[in-house]
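Some features that Swiss-Prot has for this protein:
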- 36-47: compositional bias 'Low complexity' (COMPBIAS)
- 111-123: compositional bias 'Acidic residues' (COMPBIAS)
- 197-439: domain 'ABC transporter 1' (DOMAIN)
- N299: N-linked glycosylation site (CARBOHYD)
- N363: N-linked glycosylation site (CARBOHYD)
- N905: N-linked glycosylation site (CARBOHYD)
- N980: N-linked glycosylation site (CARBOHYD)
- N999: N-linked glycosylation site (CARBOHYD)
- 552-572: transmembrane segment (TRANSMEM)
- 586-606: transmembrane segment (TRANSMEM)
- 698-718: transmembrane segment (TRANSMEM)
- 722-742: transmembrane segment (TRANSMEM)
- 804-824: transmembrane segment (TRANSMEM)
- 1260-1280: transmembrane segment (TRANSMEM)
- 1309-1329: transmembrane segment (TRANSMEM)
- 1334-1354: transmembrane segment (TRANSMEM)
- 1356-1376: transmembrane segment (TRANSMEM)
- 1397-1417: transmembrane segment (TRANSMEM)
- 1491-1511: transmembrane segment (TRANSMEM)
- 1520-1540: transmembrane segment (TRANSMEM)
Amino acid sequence: MADGSRLPESATSTTMETNTNEHAKVLSPDAETVPSSSMTATSSELSLDGRWGERDQGEPVSRRGAMEDFEEMRRELTQLSLRRTRSVGKDAHRLRSRASGRASQVHDEEKAIDEEDSTIDGDGDGYQGGFDLGEFLMGGHLERRTTTGEPAKKVGVLFKHLTVKGVETGASFVRTLPDAVVGTFGPDLYRIVCSFIPQLRFGKQPPVRELLHDFTGLVREGEMMLVLGRPGAGCSTFLKTIANDRGAFAGVEGEVRYGGLSAEEQLKHFRGEVNYNPEDDQHFPSLTVWQTLKFSLINKTKKHDKNSIPIIIDALLKMFGITHTKNTLVGNEYVRGVSGGERKRVSIAETLATKSSVVCWDNSTRGLDASTALDYAKSLRIMTDVSKRTTFVTLYQAGESIYELMDKVLVIDSGRMLYQGPANKAREYFVNLGFHCPEKSTTADFLTSICDPNARQFQPGREASTPKTPEELEAVFRNSETYKTICDEVASYEKKLQDTDQEDTRRFQKTVAQSKSRTVSKKSSYTVSFARQVLACVQREFWLLWGDKTSLYTKYFIIISNALIVSSLFYGESLDTSGAFSRGGALFFSILFLGWLQLTELMPAVTGRGIVARHKEYAFYRPSAVSIARVVMDFPAIFCMVVPFTIIMYFMTGLDVTASKFFIYFLFVYTTTFSITSLYRMFAALSPTIDDAVRFSGIALNILVIFVGYVIPKQGLIDGSIWFGWLFYVNPIAYSYEAVLTNEFSDRIMDCAPSQLVPQGPGVDPRYQGCALPGSELGRRGVSGSRYLEESFQFTRSHLWRNFGVVIAFTVLYLIVTVLAAEFLSFVGGGGGALVFKRSKRAKKLATQTTQGNDEEKVQDVGDKAALSRGEAMSASNGESFKRISSSDRIFTWSNVEYTVPYGNGTRKLLNGVNGYAKPGVMIALMGASGAGKTTLLNTLAQRQKMGVVTGDFLVDGRPLGADFQRGTGFCEQMDLHDNTSTIREALEFSALLRQDRNVSKQEKLDYVDQIIDLLELNDIQDAIIGSLNVEQKKRVTIGVELAAKPSLLLFLDEPTSGLDSQAAFSIVRFLKKLSLAGQAILCTIHQPSSMLIQQFDMILALNPGGNTFYFGPVGHDGGDVIKYFADRGVVCPPSKNVAEFILETAAKATTTKDGKKIDWNEEWRNSEQNQRVLDEIQQIREERSKIPVTETGSPYEFAASTMTQTLLLTKRIFRQYWRDPSYYYGKLFVSVIIGIFNGFTFWMLGNSIANMQDRMFSIFLIIMIPPVVLNSIVPKFYINRALWEAREYPSRIYGWFAFCTANIVCEIPMAIVSSLIYWLLWYYPVGFPTDSSTAGYVFLMSMLFFLFMSSWGQWICAFAPSFTVISNVLPFFFVMCNLFNGIVRPYRDYPVFWKYWMYYVNPVTWWLRGVISSIFPTVQIDCSPSETTHFNPPPGQTCANYAGNFITNIAKNGYLLNPDASADCQYCPYSNGAEYMATLNVHDGDKWRCFGIFLAFVIINWLLVYFFIYTVRVRGWSFGMGYLFGGMGLVIDKVKGVFKRKSEKA
């Protein structure tokens, strides 16, 4: 693009036309074609015709193609409009008349796109006569134009004297476990309350500082402004301020106007018209592209125009070249879906569907390769031109082609405006100030370098006179002609608004008002009514449910399998009195299980907040609409869950087969599940994080279970639990339990079971027997179910429908709280933050010198001060340090490398015959298009592949790789994988101590770490926590960790510049170059190399998709060697073209020679002279190096450090991790305290009645409530540590599997002891258990073992399971089996044969319960209350003792008579002491130490399973046949689905 082709913005009417026509030149394929003497497709053309995502699918982003698609959509909408017009002809006629009148009066100065539209269509009359969209266009549809063709919504953005202030947070210290514990008692609560009610803050207010200083400027409609600056300069702050997203700032001064609208008016009435799009693509992964766009349009299209939605979606898909992804899941990093580039386009299309007028895009090219980034920018240009939007963009690495698409540029440094004006004049402006622009530097890189003291260059002789500081550069700019022009533009724009009486603004307001549904207030920011918002969200909830079929099918599998297992436990339940209590247990499980399973609803409720918040800003819907929609969706979803569960449970457990009773049972299971789900969602809405939501929900459910009336009868709760008895009345499950229990037992007369008849034996007259069941009547062998419930639980059937109403009322209450919380609470952070340090003298000293503003980027002054030196000069001492990094002269070669993986029913080759070598002092750039196999080759060379087949020769000095190869190489992951709670120094020391040779002393290793910290210039922030670092600092730490290992052979780096701004990327590559010059061999993948970056590399290894090499050789001066290779084959690189982009685009496109022959670049390389030279070089290296005698340069061990050293250092690190991440340990303490208090004080000082014995049993049993909550914290922590070990630390041979297992196990022990002690103290003594040391000590030991069992249980499950999904599915199964098959809920004697002789005994909880019960119960003497005794009359003339003595002594052998001398109404107590009571539980006196030993064995087995599964599954790769199992299940499911699909097609 010629510099003179773009004029500075002015108030003239020709400016926009000039700019738009210029963009047509840039974007049009016709303008892009450059003739070539040898090729039919030139590199210039290639550079502007890239694709997003997969190279073999997507479509090129073409502005002309997009405009044609847009016109096709308009024609289709015309037909739609015409059909509608026939029915409302008169209205349309009036509308056309008004439009015609306006057209004669109003002159639109921005017709460029309309002119091009008519050129494309070629039929001017087509729009005059046929395109009668009248009402449709005035309703605010996509193009937002009037009937005359002018934009209906034109909103320029004007900002005057804009100053933004943020709170100075300062460098903070890491929060540790003691801080969390102390915070519980007030400080944390105070901070939370003050965050919602700032007026409650007292004391000195935190200081504020300016984030942006006095910005003035204008961006007209249809213009794009590029905002440039280093991370932390204030770019995101500026964009958020323009987007009116000001919640994170302390204050905003000055004026921002949108046309004639103030910021306040825009926020209140037009929020969705100004949008901010963050750099991350946040979408629901299980929605398809079509569904994502349809949902957006549903909420932005009034009902009258709903038929236009499919037409607009098709146009958007065509416009952005993603039609082929229409029915593909959007996906994310965990769910497979569209590619990253395609997901970017979905974000753009969604934003276009919002029909907003101003859009701010924040660094949205992060992670994209150069070609994809260009296509992204072209798409923004399309969006801006087609819909006349006002667009702001920040980009960290912008190529020249991207820069040329922009109208204006704004350069920011430290919140100061260094330049604002025409993009094509920015370079000239700074050159005139005295700065030097390197020949190969892009304009964007040059402008960004102005903000970096170490990167900018001055013209010779002007170093002193050129302004340098942000303040000086700002002052110079304010005195420049460019700034005066801006001020004139602003004044002219304001004058135009006044002269036209703000006609555009009024038209904008009218258009927005007419775009709303009739039932929506014209002052509302939303387009459709709240009811339609809810309906749209309901539709999306259904899509989400159906889109994630794996989770859906898994949930049904869990429901059905658990229903079968549990109902089989109660199968064949006797209908007489012996089955009464067990029947109550089955009913209790029925109303509880599905609610418990619904804990999975917490995850989508919390993780979807970011999307909901963004959609609120887009004015799609109110957040409360989502909450209500989820409830609406629960009706059918829960119904489908309850149907199979209730049918299985009801009929297999032998409940009363009466239609009315079954449907009442079904109703209460359904409503209870609904209520519990609503309760979970309420906690999710009130919780900042998913950990908090799980913790609170789990504890709440446990408390509800205690106070349901099953564990302790209703009267016992109310009278006996003096602190918490009231919880029964606020417990919806209690009302449901009363309902289902009375429903089952009412109108039922139970025959007394022979075993419960008192007395029994020879000579006993049946007329003089009683039944040992509460509710039995004197002289009757049958027991009324209603009377039984009244006596045992104080339940009555007359409360049935009252209880139903109460459950509904609680559900509504939870829903109301959820809706209010969703509407008024927001836990979505604004990003950014200060450095966090560990507490040390060095860090404290630094913290007093450092302050930090609350900018949106991670603005870290300390980090900037400690930045890598980007100047050319280097001290002699640093030079010596670099020379000491690598002293190895070994050469690594690879030849004919191929890598094949299973794919479908066959295989796929990802690498194909790759050859190469890495010499000391040589830096190789590994390049290729997306999917070419760069990372695959890097992992293969580093010997990190875990699946598939690798073939080829990998040699070091001509010899096979040794056991220490991986230890001798460094591998820098792209994702910067670290323990985020470690400091920089700790991470480097950990790497050095474990990876350097074991013969090197510890002091030498630590001294070496000091050198690395000096080289990386991390001294000032060496005590900073890694998790608080910015992107560049983390990259430096990643490199430092690998250098600290002192790799003796090779350093691999995977995308070390990804996500960095251009200057940070250059500094990283410059640093690598210095390492290379010092003798280090480096192989590095890179995907957005500028010309300056690529010059730092010595060689390029370039791959095409399929892992085919198409170039391996030197770069040459200014890329001369690469250019010559392609020029010799007829492809000439333009002088200004980036060499890296040139070779990638050339190889990716099918090119032909003059004679029409297509060039296969892969084959061209294989047959080239250069390839033969590479093969000869590899052979020569092998022959020469293999003759050199082998010298022992280090230990031959696989791991440098001993297993003991590995274990000790890793244990120390994990302890430190738990200490600095207090939520983990704190969560365990919190659960122990809460459950301990509720357990202990609910069963306060139990007496000696039978009911109290049952209370003792359940008090002991309630420890099983802790595992579901605790395991949900253990599993994620272990999983994260395991992922880090598998991804980086084991492949680098830092430490082995034994050390990993041992350290994780050991670190759980202290907290298990502490939390078990807390639980034991809060539970044991308040209940009134024996206080003698032997019993109390034994129970404490068992409690401690149980907590150790929990941690090891979660660890071995996590060690085996491949993913969180599998873990979440496995855990409920284990919980059900352990909680039910232990002899408490259903007595052992009543077990079905199938379970009786194995499940009971392999259940660890069985032995824990038996051990504790056998320790506590024997010493208790039972005193029955009269209501607990069995009543019977002796025959006339006999006393109770005479009549029942033989029964008590010889048959029952238990119990005693309360009135042995009475001759009527004998009262028999079935137990005289605890030993007799526990015998009914299959527990015997003297079992305790046997049970202790067996339970200890289970704990040890758990630990051994951790070692076993980590070694077999993670190290050896065993699957235990699970792959075949799941593969077979998948085939079966596919066949079944195929059958149904064929049937539906036939139908």
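Positions of Cβ are set from backbone N, Cα and C atoms, glycine also.
Swiss-Prot feature annotations superimposed on the structure.
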residue	record	Cβ neighbours (10 Å)
N299	N-linked glycosylation site	24
N363	N-linked glycosylation site	22
N905	N-linked glycosylation site	5
N980	N-linked glycosylation site	18
N999	N-linked glycosylation site	9
Rounded inter-Cα distance in Å - N299 (N-linked glycosylation site), N363 (N-linked glycosylation site): 27
Positions whose Cβ lies under 8 angstroms from the transmembrane segment (1309-1329), at least six residues beyond its ends: 1218, 1225, 1228-1229, 1231-1233, 1235-1237, 1239-1241, 1243-1246, 1256, 1259, 1263, 1266, 1335-1336, 1339-1340, 1343-1344, 1346-1348, 1350-1351, 1416
For the transmembrane segment (722-742), distant same-chain residues with Cβ under 8 A (at least six beyond the ends): 584, 587-588, 590-592, 595, 664-665, 668-669, 671-672, 675-676, 679, 703-705, 707-710, 714, 786, 789, 793, 795-797, 799-800, 803-804, 806-807, 810-811, 1238, 1241-1242, 1244
Using Cα positions only, nearest of the glycosylation sites to N363 (N-linked glycosylation site) (N905, N980, N999): N980
Euclidean distance between Cα atoms of N999 (N-linked glycosylation site) and N905 (N-linked glycosylation site), Å: 50
Secondary-structure category, per DSSP, in which N999 (N-linked glycosylation site) falls: coil
Folded-back contacts onto the transmembrane segment (552-572), same chain, C-beta under 8 angstroms, at least six residues removed: 545-546, 582-583, 585-586, 589, 593-594, 597, 600, 640-641, 644-645, 648-649, 652-654, 1365, 1369, 1372-1373, 1376-1377, 1380-1381, 1386, 1391-1392, 1394-1395, 1533
Cα distance (Å, whole number) from N980 (N-linked glycosylation site) to N999 (N-linked glycosylation site): 30
Folded-back contacts onto the transmembrane segment (1356-1376), same chain, C-beta under 8 angstroms, at least six residues removed: 550-551, 554, 557-558, 561-562, 565-566, 593, 596-597, 600, 1267-1268, 1271, 1274-1276, 1278-1279, 1282, 1301, 1502-1503, 1505-1506, 1508-1510, 1513-1514
Residues from the same chain, set at least six apart from the ends of the transmembrane segment (1334-1354), whose C-beta lies under 8 A from its own: 1263, 1266-1267, 1270-1271, 1274-1275, 1278, 1305, 1308-1309, 1312-1313, 1315-1317, 1319-1320, 1324, 1374, 1404, 1408, 1411-1412, 1415-1416, 1419, 1488, 1492, 1495-1496, 1498-1499, 1502-1503, 1505-1506
Three-state secondary structure, N363 (N-linked glycosylation site) (per DSSP): coil
